[in-house]
Amino acid sequence: MDPNTDNSMSPKGGVASPTDINSRHGVNFSAPRGFMTKLKSAAKETLFPDDPFRQFMNGERRRDRIVKGFQYFVPLFEWLPNYNLRLFWSDLVAGLTITSLAIPQGISYAKLAEIPPVVGLYSSFVPPLIYAIFGSSRHMAVGTIAAASLLLFQTVSSVVKPEDDPTLFLHLIFTTTFITGVLQTTLGILRLGILVDFFSHSTITGFMGGTAVILCLQQLKGVFGMKHFTSQTSLISVVKAIIANGSEIRWQTTVMGIVFVAFLMATKYVKKKNEKLFWVAAIAPITTVIVGAVFTYIVKGQNHGIQIVGHLDRGVNPLSIHLLNFDSKYLPAVLKAGIITGVLSLAEGIAIGRSFAVVENTPHDGNKEMVAFGLMNLMGSFTSCYLTSGPFSKSAVNYNAGAKTQMSNAVQAVLMAMTLLFLAPLFGRTPLVALSAIIISAMLPLIDYEEAIHLFKVDKFDFLICISCFLGVTFISMDVGLFFSIGLGLLRGLLYVARPAACKLGKMPNSSDLYRDVEQYPVSTVFPGVLIVKLGSPIYFANSSYIKERIKRYIQSEESSGNIIERVILDLASVTSIDVTAIGGILELRKILGKNGKEMSIVNPRKEVMEKLILSRFEEVVGKETFFLSLDDAVAASQFRLSKADP
């Protein structure tokens, strides 16, 4: 039997009629759902795709539901009841390790933001405590992040220079952190994590690479021991500043910087070769700080141009809620900085937490993470902290150190409090060149040229998004590069909407009901007089004309090769939605086909699409007999009509 017609035969051996087909599998033309029902379904799918409240619908006692509610909204109550001493020892080791990294990083990144170094230490005390209560990731380590620190400085300094009014500048940094906290908490409560998805992998790769370049360039001031430098971050501005102030370069600090960077990169190489020696790279920054401070003290480095951090006050975080400044003169810059850094830190933190959760098969909820980040930044703005998130380097150290639960962040907070109470003044002797070396060594691995090469090989548009962000950040500014890359990503999405996927289908040999793209599977066979077109995306006003023209070109292509098309079958199984303009476009296509003696059939529209077709009376215009449940039914009906027309 011919494989192209084996499913179109009736039980008696003849060609099956449409009545036989519809009696076996009738298309559902039931009345559309009401507006509120559809709205509720769409809102649930958009905001609650993971069905977070399913655990409360099991019919338990009211007390059990309350307990589950506390466990859902406050993850601490979920893991703490099962906590034991064995887990604590693992978290204690991890907490000690990340604290040794948090001290130099806190001081270094605070210097990037041009705020007092002790604020960087404050930011590793209160926020980790908040995250230990509300965070869902077991391996996330909370702390300040370099990119956000520099972005904060760059944006806020556009209205107030830190050297002109350091007090006001610091207050605006606290206000920016408050706005970031409000934004992140709101996004988490409203479950709008979909916004973070606009930061594609290509954008993040380009942004982190460009940020790493300008961060390394900014640290040349500390490495060279220069007192005058540019506040701008672009490559050209930094080069001009070095040339203009070249007479300030001190060979003593330059040698120290090169030695420190070489030492730190060597420890990273050791860790890369043997993951069990992760602790070597983890303690390297604090070792650099201690060695640098001792060396500077012994040789009286300040007399040789080696600059130090300066005095650090002893004591834990003072309240800063009364220092928040919402003056309309500064509010636009503060809002801009809060929104950009807030969304950027969310994208990085959620991606990192998700990657560890996949590796370890542990729970991770992106919306809970948003709430946790938001609350820790809100509380941080009230307690002299600035923006914090889950930096990759710190979280990776936490994971490799054996962290089992969020308790490692609580351990970090306690150890940081002890440092602030008893050891803070000692770190005031840290040479700035040591901090610059720490930042450079942390940033160099973020220039992921291998990933850029991979993007170029796989997808040229993804590479364009990545390289545009990299060049924009490096040569213009961080926010311009970021927005330009996001704009290209949105443009790509619009192109996908305006030019949706469509393909001609043919039936695979020796199969009962398998239809595939004829270009991808040339062995598939087409039916004489029949054109099957599969549409693979939503149909809107922006693409309805394109789809109409695309189908007309398919017909011309078939007929130019000798296959005179008499029936067009549209497979709508993959069309998730349709609008009124698109429905009108399909009706126009049907009229054009009718004038040329051709007919059209519709196969398997989804529920949402069918409801729109029924409400627009589409099925009354084209006739219910043109709707089919499967491609086999549509092909069989087409062959039946063709056989009746041409015996």
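Every residue number used here counts from 1 along the chain in the order it is shown.
Even glycines carry a Cβ here, placed using N, Cα and C.
Annotation comment: TrEMBL describes 1-10 as compositional bias 'Polar residues'.
What TrEMBL records for 1-29 is region 'Disordered'.
Sequence-distant contacts of the transmembrane segment (83-103), counting only residues of its own chain at least 6 positions beyond either end whose CB sits under 8 Å from a CB of the stretch, comprise 121, 124, 141, 143, 279, 282-283, 285-286, 289, 393-394, 397-398, 401-405, 407-412, 414-416, 419, 427. Here TrEMBL flags 83-103 (among others) as transmembrane segment.
When Cβ-Cβ distances below 8 Å are used as the criterion, the transmembrane segment (115-134) is approached by residues 74-76, 99, 102-103, 105-109, 140-144, 162, 169-170, 173, 309-310, 312-313, 316-317, 368, 371-373, 375-377, 379-380, 383-388, 406-407, 409-410, 412-413, 416-417, 419-420, 424, 427 of the same chain, each at least six residues removed from its ends. Summarising the annotation, TrEMBL assigns transmembrane segment to 115-134 (among others).
Marked as transmembrane segment by TrEMBL: 140-160 (among others). Within the chain carrying the transmembrane segment (140-160), a Cβ under 8 angstroms from the stretch's Cβ atoms is held by residues 98, 102, 105-106, 108-110, 112-114, 120, 123-124, 127-128, 131, 168-169, 172-173, 176, 207-208, 211, 214-215, 218, 231, 233, 329-330, 333-334, 336-337, 340-341, 344-345, 348-349, 352-353, 356, 369, 376, 386-391, 394-395, 397-398, 403, 406, 408-409, 412, 439, 442-443, 477-479, all 6 or more beyond its ends.
Sequence annotations record features per position, and here TrEMBL assigns transmembrane segment to 172-192 (among others).
Same-chain residues lying 6+ beyond the ends of the transmembrane segment (198-217) with a Cβ under 8 Å from its Cβ atoms: 112, 146-147, 150, 233-235, 238, 343-344, 347-348, 351, 439-440, 443-444, 446-449, 451-452, 455, 462-463, 465-474, 478, 481-482, 485-486, 489-490. Per TrEMBL, transmembrane segment is recorded for 198-217 (among others).
If you look up TrEMBL, you'll see 251-270 (among others) marked as transmembrane segment.
Note on the transmembrane segment (277-299): residues 97-98, 100-101, 103-105, 107, 256, 260, 263-264, 267-268, 270-271, 306, 308, 397, 400-401, 426-427, 429-431, 433-435, 437-438 of its chain, located 6 or more positions outside it, place their CB under 8 angstroms from a CB of the stretch. Under the heading transmembrane segment, TrEMBL lists 277-299 (among others).
Sequence-remote contacts of a segment are chain residues at least 6 beyond its ends whose Cβ falls under 8 Å from one of its Cβ atoms, and for the transmembrane segment (370-389) they are 110, 113, 115, 119-120, 122-128, 130-131, 134-136, 142-145, 148-149, 152, 173-178, 180-189, 193, 317-321, 324, 341-342, 345-346, 348-350. The annotation transmembrane segment is assigned in TrEMBL to 370-389 (among others).
According to TrEMBL, the feature transmembrane segment maps to 410-427 (among others).
TrEMBL lists 461-486 (among others) with the feature transmembrane segment. Long-range contacts of the transmembrane segment (461-486) within its own chain (CB-CB distance under 8 A, at least 6 residues past either end) are made by residues 147, 150-151, 154-155, 198-203, 205-207, 209-211, 213-214, 233-236, 336, 340, 344, 451-452, 455, 492.
The domain 'STAS' feature in TrEMBL is assigned to 520-638. Residues of the domain 'STAS' (520-638) grouped by DSSP class, helix first, strand second and coil last, total 58 helix, 21 strand, 40 coil.
Marked as transmembrane segment by TrEMBL: 521-543 (among others).
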Residues of the parent chain within Cβ reach of the transmembrane segment (251-270), under 8 Å, 6 or more residues beyond its termini: 222-225, 277, 280-281, 284-285, 288, 292, 295, 301, 304-307, 431, 433-434, 436-438, 440-441, 444-445
Near the transmembrane segment (172-192), which residues from the same chain, at least 6 beyond its ends, have a CB less than 8 A from one of its CBs? 47-48, 113, 115, 119, 152, 155-156, 159-160, 320, 323-326, 330, 333-335, 337-339, 341-343, 345-346, 367-382, 384-387
